[in-house]
């Protein structure tokens, strides 16, 4: 087999594996969230369908597939129909440039667990994952529902504001490492525990985590939906499979965000003592992913004015200060 044919086959297989694994993980994440929230609230959670309630995932899938797909008569039907697909596609495309595990050898060839190792991977991931919000905005706008439009508008303002916070935090990382490549950022942290960038950039870590909660529409910083204020926000008019596709995209973005935090700040897939790198990657990403559930259970939903004041009066000044300190450190 020629090198080009092997490369094409390898890329195709990687894409299929990533879509299959992360679509399955998105479903498992809904089960995990229900179980974790139940534990926090001293409830049992799903436990009736299958062992430990695991088959509840299949029951939920059947329910979504068989529900009536309703499109409001006064909506922008085409945009309303494709908005969930935009969310899922952008979430999966962002995974293409994220290195998941250490490279390994198969059939005498070195395999990198990444679809495309590009030298501007960080820009690619942030750009494509940021496009997911267009699905939320377009879906809410096309629904012709006041709650959906309010949710889309609130989300638009918050995303634009907090992307500045996340970008300033990432610029500090890029200044230290000197590269946009996620592989280079991972390798920069290969000298041991204290080479992890969380110790060199603790403020950037906190700022990026907060921005990530906004990007993935997670409580307590989610403005796009709120049961007490705007019902389900942008998703008020969605039902059945389209609603499910929206949430596959959302949970895939959450998983991608947890992996990205691990690569940027927590040593990536480098081995730790006698623990292999792939195990470290799974453990650290799972720990970050757990934070989504913990924050939802522990903190109340913030008001829109509180979220925006925190951004412009606290987080952006801190991000600029962190950037200046990092620049001085690099120069000196």
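Even glycines carry a Cβ here, placed using N, Cα and C.
According to Swiss-Prot, the protein carries these features:
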| type | residues | note |
| --- | --- | --- |
| TRANSMEM | 4-24 | transmembrane segment |
| TRANSMEM | 44-64 | transmembrane segment |
| TRANSMEM | 78-98 | transmembrane segment |
| TRANSMEM | 120-140 | transmembrane segment |
| TRANSMEM | 165-185 | transmembrane segment |
| TRANSMEM | 194-214 | transmembrane segment |
| TRANSMEM | 255-275 | transmembrane segment |
| TRANSMEM | 279-299 | transmembrane segment |
| TRANSMEM | 312-332 | transmembrane segment |
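Long-range contacts of the transmembrane segment (78-98) within the same chain, counting only residues at least 6 positions beyond its ends with a Cβ under 8 Å from a Cβ of the stretch, are 15, 18-19, 22, 71-72, 114-118, 121, 124-125, 128-129, 131-132, 134-136, 138-139, 141-143, 182, 237-238, 242-243, 245-246, 248-250, 252-253, 256, 259-260, 263. By number of Cβ pairs under 8 Å, the transmembrane segment (279-299) is matched best by 194-214 from the list 4-24, 165-185, 194-214, 312-332.
Taking Cβ pairs closer than 8 Å, the transmembrane segment (255-275) reaches residues 22, 25-26, 29, 91, 94-95, 98-102, 125, 129, 170, 173, 182, 185-187, 189-190, 193, 195-198, 201, 204-205, 208-209, 212, 215-216, 281, 284-286, 288-289, 292 in its own chain, all 6 or more past its ends.
Counting residues 6+ beyond its ends, the transmembrane segment (4-24) has Cβ neighbours under 8 Å at 92, 95-96, 109, 111, 113-116, 248, 252, 255-256 in the same chain.
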